[in-house]
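K.L.:
Annotation comment: TrEMBL describes Trp31, Ser65, Phe66, Glu67, Ser89, Val90, Ile91, Phe122 as 5-amino-6-(D-ribitylamino)uracil binding site. Here TrEMBL flags Glu94, Thr95, Arg136 as (2S)-2-hydroxy-3-oxobutyl phosphate binding site. Look at TrEMBL and you will find His97 tagged as active site, proton donor.
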Amino acid sequence: MATVNKNLSVYDKATIPNAKDFRFGIVVSEWNDTITEGLYQGAIETLLDCGAKEENVIRWNVPGSFELTYGAKKMINTQKVDAVIAIGSVIKGETMHFEFVCEATAQGIMDLNVGTDTPVIFCVLTDNTMDQAIARSGGEHGNKGTEAAIAAIKMVHLGR
Ligand SMILES: Nc1c(NC[C@H](O)[C@H](O)[C@H](O)CO)[nH]c(=O)[nH]c1=O
Ligand SMILES: CC(=O)[C@@H](O)COP(=O)(O)O
């Protein structure tokens, strides 16, 4: 189902585990920061709405989405977090750089999920236009940051 048919911000709190005892890391790319700040707001508001304590959420910034993998890895290795949310916005330009950044970032985050015991949530928008990014970071299609926060809570709860 495409995003246009599913609002990213809709969730039923009755189906979400309480996150009061969970610790989260959030790594935020500074590229396209108007978009990534919107994604961060969606994520932090949802974590708190689902019971997480503000003092149990650690935020780090990295230069771009390509650096999200390293930031998440360092977060896992140095902070006692139960899950990491990796937030980025990659927008197509004139060259192939978009494809390489998207592929490397997705693969790097997947590698962390396979290689560590800490879930890392892929909250990276990969849009053709700024309008698509705006629509998915608190616009007409909701906020992928909200979706990512819900995924993080569910993954921490998995197997508990
Ligand atoms: N063009 C975008 C980038 N490019 C920067 C890379 O992510 C990386 O920081 C650089 O190649 C140095 O390693 N990053 C985004 O997050 N979004 C873009 O649209
Ligand atoms: C995703 C990117 O790196 C891209 O926005 C850079 O733009 P360009 O391909 O025009 O150099």
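From the backbone N, Cα and C atoms, a Cβ is placed for every residue, glycine too.
A TrEMBL annotation is a machine prediction, not a hand-curated record.
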K.L.:
Non-local Cβ contacts of Val90 (5-amino-6-(D-ribitylamino)uracil binding site) (under 8 Å, 6 or more apart, same chain)?
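P.N.:
Listed in sequence order: Trp31, Asn32, Ser65, Phe98, Val101, Cys102, Thr105, Val124, Leu125, Thr126, Asp127.
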K.L.:
Among the binding-site residues Glu67, Glu94, which residue has its Cβ surrounded by the fewest other Cβ atoms within 10 Å?
P.N.:
Glu94
K.L.:
So how many other Cβ atoms are close to Thr95 ((2S)-2-hydroxy-3-oxobutyl phosphate binding site), meaning within 10 Å of its Cβ?
P.N.:
8
K.L.:
Since the record lists His97, Arg136 as recorded positions, which of them has the fewest other Cβ atoms within 10 Å of its Cβ?
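P.N.:
Among the recorded positions His97, Arg136, the sparsest Cβ neighbourhood within 10 Å belongs to His97.
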K.L.:
Suppose we screen the binding-site residues Ser65, Val90, Thr95, Phe122 by Cβ distance to ligand 2 with a cut-off under 6 Å; which survive, in sequence order?
P.N.:
Val90, Thr95
K.L.:
Can you give me the Cα-Cα distance between Glu67 (5-amino-6-(D-ribitylamino)uracil binding site) and the residue listed as 'active site, proton donor' in Å, rounded to a whole number?
P.N.:
14
K.L.:
Please report the Cα separation of Arg136 ((2S)-2-hydroxy-3-oxobutyl phosphate binding site) and Phe66 (5-amino-6-(D-ribitylamino)uracil binding site) in Å, rounded to an integer.
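P.N.:
Just about 20 Å between their Cα atoms.
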K.L.:
Round to the nearest Å and give the CA-to-CA distance linking Phe122 (5-amino-6-(D-ribitylamino)uracil binding site) with Thr95 ((2S)-2-hydroxy-3-oxobutyl phosphate binding site).
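P.N.:
Approximately 23 Å lies between the Cα of Phe122 (5-amino-6-(D-ribitylamino)uracil binding site) and that of Thr95 ((2S)-2-hydroxy-3-oxobutyl phosphate binding site).
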K.L.:
In angstrom units, rounded to an integer, how far apart are the Cα atoms of Ser89 (5-amino-6-(D-ribitylamino)uracil binding site) and the residue listed as 'active site, proton donor'?
P.N.:
13
K.L.:
Could you find out if DSSP has Thr95 ((2S)-2-hydroxy-3-oxobutyl phosphate binding site) as helix, strand or coil?
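P.N.:
DSSP call for Thr95 ((2S)-2-hydroxy-3-oxobutyl phosphate binding site): coil, neither helix nor strand.
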K.L.:
Determine, from DSSP, whether Arg136 ((2S)-2-hydroxy-3-oxobutyl phosphate binding site) sits in helix, strand or coil.
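P.N.:
In three-state terms, Arg136 ((2S)-2-hydroxy-3-oxobutyl phosphate binding site) counts as coil.
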K.L.:
Please report the Cα separation of Phe66 (5-amino-6-(D-ribitylamino)uracil binding site) and Glu94 ((2S)-2-hydroxy-3-oxobutyl phosphate binding site) in Å, rounded to an integer.
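P.N.:
Cα-Cα distance, Phe66 (5-amino-6-(D-ribitylamino)uracil binding site) to Glu94 ((2S)-2-hydroxy-3-oxobutyl phosphate binding site): 18 Å.
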K.L.:
Please go through the binding-site residues Val90, Glu94, Phe122 one by one and keep those whose C-beta falls under 6 A from any atom of ligand 1; give the result in sequence order.
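P.N.:
If the test is a Cβ under 6 Å from any atom of ligand 1, the answer is Val90.
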